[in-house]
Structures are given as C-alpha cells and as structure tokens.
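Q: Dumping the structure here so I can ask a few things about it.
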C-alpha cells in the first residue's frame, strides 16, 4: 500500500512533468519507472539532469517518491518503504543520492529520530545485490594502468560482520556458541577458553540470501556478457565460506552453465587473496562476487583504481529481475554549502546521469523498446565523449592537471550538463 503522503507527492510530480513543453518526437515509455529524489547538491543536479537530458527526449511520467531527508522525517520514513515496494512492483527504479543521518544531521534538520539508511531499507526489502562498476574515459589516468575494462563488484550486503553480535570479554572464561533448533537437540560449540580478557563475535548468514545473491550475480554477468568470479576464504572458514562456494557451484551447474558457454564466458571460485592479486594484474572485464565485508572494501579500492568515485555506477538487482540504479557517491555536501552561499560549483554529474540511463535502458530491454535502449546508450556516449574531448568538471580536471588545474580547464555544474546535451544532439 502507498501512503497518502506518497500519493500526493506522486500526483504533484506528474503535474510538473505534464506542464512542461517538450518536442512531440520524444521517445514514449510505456512501462513504469520509479523515481526517488534525494538531498543537497545531488538533488539540485537531479532536477537539471531531468529538465535538460531526460524529459526533452523521453516521454515518461515516473512514479515519484521524495526521499529527501525532510520528507523521510515528515513521513516517519514511510516514503522509503513505499518507494521500495513500488520498485518491487515496477521492476525499475532510479534513485538520487540521499543523506544517511548521524547525530549532527539529526540536530541540523531537527529530526524526530536518526533514520536508517534509505539504501539499506530498500536493499533489505528487495533482498538485492549491489553492483558497482566504473565509467571509463580514455583521457583520465588510472591508478592501476592495466585496467582497460570495467571490474564490477557485486557485494552480498546481508549478514556477516554487519549483523554480528560482538562484545568485550573482561576476564577468564569459556566462550560457547549454542544453536537451539525449533525441533531437536541444541548444538553447542566451544569457541575459546579465555585465560584473560579479549573480544568475541558471533555472525551468521542464510541459505536463502546466499542463493538470491548467486542468482543475481549470474544474471548480471549474463546481462553484461562478462565472466563471473566468486571470492571466499573457504580454506579457513570451511563451513561458512564453503556454503557460499557450494551454493554458487550448484546453481551454476544446474541453471547457468549452458548460457555462460553460449556467451563464451565462465564462472570460477577463487580464494580472496588469490583473487585480489589476479584483479590487480588483469585488464578488467569481469564481475567479482564478494561477501559483505570483502565487497565493502574492494568496491572502494576498485573505484580509486579507476581514478574517480565520481565515475562509478551503482545498480541494485535481485533474483526476481528488479533493477534500481543510482550514483555510487554521496550528496556532495561541501559543494551544496557553496551553492547555498551563491558561489559557483563544479560538481560531477556523470554518475547521476548514468543512474537515469541505466534505469531507462533496462526499462527499454524489458519492454523491447529499442529507441529507449538507444537513447540510453547515446546519452552515456555523450557523457564520455564530452570528457574525452576535454569538457569536464573540476574533479576530473584535477585527475589530469593535478595542482596545476586552472578555471579554464573545467566547466561548472550546469555548463557540463549543457555540454552533454550538446554532444547528445550531435550523436542521436
């Protein structure tokens, strides 16, 4: 059920779009797309992207949800739940970056409480996997020069250390783990006999979540036509990580090996240390399935290896074919403060543009709308070609010029979006 507040927001968004005067040659979108608005500088860019790069070319009325922090607070975060359920129904969503409040934000916005991460809420409701991959521009230097193709990290963002129970052991004693089944005898394991103080932790995962993760990874690899690697430390965690390894292998052999063979791609399990070394020596061009902690760490390492967090895509998918995209960076608070002062900003909008094109491209694939798929591809090409032609925001100019960057070397926020529109109109 959609809350009354969300219905009102959706209605207002539809009226706004319908009031605009656009070309009659726009590409018609018949399938639903859920749009989730966000916060601060990314919210400002979001409106500009829609008005200059999306709505002039695409005839679409998104199902709109305002996930800006003030509205999440006003709805007691119900709007986030409504948005997640809407994505589940529509299959396609596109999200602007949002604030996850800490104590300082609670005070700044006068919040009722410290609301949870909207990404986490959406991910849990959809039981999805987050895939992060780079947008590669030939003229931007790479920290890992050999990475010529994308490395896409698929993170199993469920359980493990992130749902663990940990505590400090203050003195000697026996640490035990007990599982009490609903039927049958309890299972008791002695973990350690402490002679003094220390620390302890217990964590878990579920077969259903690992299975859904495996399906998402295999399906995403097929969509990208890239080989898939799963990394674990099953030589040490023989039961825990062994479960990941066994589930992936069983599902691959039963459901995906034939399709992988037809595409000339493959699946392979590797130890995490071996996989890290392989990734650094490779040229890229694969999907890397990681457990929760590994994915958290490796996704940031990979992002920096390609040169810029501003050129990273983020897609949430699940085994049911749900697809929700967003930029992998935050709300760019520092730039927003400058914007509030009336100062010029040069904020990189590429990842936010790709959030829209990824969602619309996937909608086009589901609806067999070839014009929409081509629009998405051409708009992405316009983003890359503009950068490769020397038109970019300050963060990317610094990657090339370093401390020698001058104002003439980069465009401001709106100038870059305008330049992308200019390049798109040449390409289409």
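Every residue gets a Cβ built from N, Cα and C, even glycine.
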Q: Considering the substrate binding residues 117, 118, 119, 120, 121, 122, 123, 132, 155 given in Swiss-Prot, which of 100, 180 is annotated for that site as well?
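A: Looking at 100, 180, the one Swiss-Prot places in the substrate site next to 117, 118, 119, 120, 121, 122, 123, 132, 155 is 100.
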Q: Near residue 273 (Mn(2+) binding site), meaning Cα within 10 Å, which of 118, 122, 233, 331 (recorded positions)?
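A: Those near residue 273 (Mn(2+) binding site) - Cα within 10 Å - are 233, in sequence order.
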Q: If we count other C-beta atoms within 10 Å, could you say which of the binding-site residues 98, 333 has the fewest?
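A: With the binding-site residues 98, 333, fewest surrounding Cβ atoms within 10 Å: 333.
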Q: Under DSSP, is residue 132 (substrate binding site) helix, strand or coil?
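A: Once the DSSP labels are grouped into three classes, residue 132 (substrate binding site) ends up as strand.
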